[in-house]
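Student: My structure is below; once you've seen it, I'll send some questions.
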Amino acid sequence: MAGAQLNVLAKLDQAKTQWYHFMAIVIAGMGFFTDAYDLFCIALVTKLLGRLYYTDITKPNPGTLPPNVSSAVTGVALCGTLAGQLFFGWLGDKLGRKSVYGFTLILMVVCSIASGLSFGHTPKSVIATLCFFRFWLGFGIGGDYPLSATIMSEYASKKTRGAFIAAVFAMQGFGILFGAIVALVVSAGFRHAYPAPSYAQNPAASLAPQSDYTWRLILMFGTIPAGLTYYWRMKMPETARYTALVARNAKQAAADMSKVLHAEIEERPEVVESQVVGGETWGLFSRQFMQRHGLHLLATTSTWFLLDIAFYSQNLFQKDIFSKVGWIPPAKTMNALEELYRISRAQALIALCGTIPGYWFTVAFIDIVGRFWIQIMGFFMMTVFMLALGVPYEHWTKPAHHTGFVVLYALTFFFANFGPNSTTFIVPAEIFPARLRSTCHGISAAAGKAGAIIGAFGFLYASQDQHKPDAGYSRGIGIRNALFVLAGTNFLGMLMTLLVPESKGMSLEEMSQDNVVDETGQA
C-alpha cells in the first residue's frame, strides 16, 4: 500500500532545472574530477618510478618496478577506496550526507600532497611512504562515490535525475584527461629544460636528476580542483530526503528546499502525520530488505564488480599494452622524460576520443533510453570489441595496423562509459531506501573496487608473455588471452544486468518503496 508523498519531495520530483542543479553537479562533479585524476595519474608515472629507483646502468634496458612493487603502487589506492566506500557509505546514512562530505575532501587534499612529498630518496622509503599516503588518499576518494551519487539523486527531479547523476560521474573523464595533460605539460617542460640522450646512447645521462620532481608535481596537482570546491560543499544544505525520511524532520526539509527552490513549501500536518518516514523497523540484514531489495543489491554489486575488472585493467595498464603492440617505442630508445611524455600523449588521445564522449552520450540518452538498455548495450559492445582485438591480435601488432588497434581500443572505452561504467554508478543511488541508500551504494561501489583490485593485480601478471615474460615476472597467458578473459567478464556482466531494475522516470520513493506500507502497517 502506497503512502502519500511529502510535499517537499513531490516539489523536488517536479522541479524544473534550476541554477542549484548545476551548482550541485559542479560541486559533486569536481570531487569526481579529482578522484579520477588521483586514481589514474599513478599509471602515468610508474615507468618513470622504475627508471628512477630501479635502474642498473650495466643492464641493456632501463629499470622497471619489481612485480610486487608495481602491484602495490598501482593497487594500494584501490584498496583504500574499497574501505572508504564501505565506511563513508555507512556513515553517510548515520550522520547525514553533508556532514561527511567535507571530511572526505580534506582527506583527499592532505594525502594527495603527502603522496608527492613521499619522504626519502631510497627505493624502499619512497615506495613505502607513497603507498601509505595513497591508501589514505583512496580512503577519502572512496567516500566520494556513495556521497556524491546519493546527494545528486536526492536533489534532482525524477525526469532529469539520470542525466544529472551521469553528469557528475562524467567529470571522471575530464579528470583522466586532465591527468594526462598535466603529465604532458610537466614532462615537456622538464624535457626542454633538461635535455638528455636516450638510454641506449648513455644510460647514466638518460636519467636527469630533476626527473624526480616531475612525478611528485603530477601527483600533487590533484589538490587544486579539490580544494577549490571545499567552501561550496560546506554551504550545501542537507538533502531533503535525508532530513525528512531519515532524520524525520519534514518541517526543516521544507524550509531548506524553500531556499534552494526559491519557492514557499509547506507541509500539511495530516500528510506528515500519515507519512511513514524513516521506517526503522528493518535494516540491511533483515528479511524485509532481502525480500524487497536482495536481488537489487546482488545485481548492482555483481555488475559493478565485473565491469571494473575490465575497466581498470584497461585504464591502469594501457601503457603496457601500447608498448607491447608497438605504439610506444621500446624504453631503451628514449630517455625517462621522453617516455613519460609519450605515455601521457597516448592516454590523452584515448581519453579525448573514447573515454569522454562515452560519458556524455550517457548524459544525453539515459533519461530517454533508460539505465537497463544502456548497460546491456555497453557490456555487449565491450565484449564485441575485446574479441575484435583478441582474435586477430597478431594482425594488430604489425606497425601498419597500430592505428586500427588504438581505434578499437578507444571504442571499448567509449562503450564502457556509454554503458555500465556510468549506469553501475547511477542505479544504486536510485533503487534503495533513503536510510540505506548511501550504505547500499557504498557496498555496490566496494564490490566494483574489488573487481578493480583483481584487474589491477591480476592483469599485470596474466598479460605477461607465455614465453618471454618481463624481468621478475612468471609466465602469463599473454595479452591476447587476457583480452579473451576480459571479453568473457563483460559477457557475464551483460547476463547479470538482467537483474537490474529500470528506474527511469520514477520517483526515488516509488522506486525504493519508501512510501509503501506492508500488511502490519510498517514501512
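Placed from the backbone N, Cα and C atoms, the Cβ positions cover glycine too.
Because the structure is a prediction, the values reported are computed rather than measured.
So TrEMBL lists the following for this protein:
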type: DOMAIN; residues: 24-505; note: domain 'Major facilitator superfamily (MFS) profile'
type: TRANSMEM; residues: 20-49; note: transmembrane segment
type: TRANSMEM; residues: 69-88; note: transmembrane segment
type: TRANSMEM; residues: 100-119; note: transmembrane segment
type: TRANSMEM; residues: 125-143; note: transmembrane segment
type: TRANSMEM; residues: 164-193; note: transmembrane segment
type: TRANSMEM; residues: 213-232; note: transmembrane segment
type: TRANSMEM; residues: 348-366; note: transmembrane segment
type: TRANSMEM; residues: 372-393; note: transmembrane segment
type: TRANSMEM; residues: 405-429; note: transmembrane segment
type: TRANSMEM; residues: 441-462; note: transmembrane segment
type: TRANSMEM; residues: 482-501; note: transmembrane segment
Student: So, does the transmembrane segment (441-462) come close enough to the transmembrane segment (69-88) to give 3+ Cβ pairs below 8 Å, pairs being at least 6 apart in sequence?
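Tutor: They are in contact.
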Student: Please figure out which one of 348-366, 441-462, 482-501 racks up the most CB pairs under 8 Å against the transmembrane segment (405-429).
Tutor: 348-366
Student: Average pLDDT across the domain 'Major facilitator superfamily (MFS) profile' (24-505)?
Tutor: 87
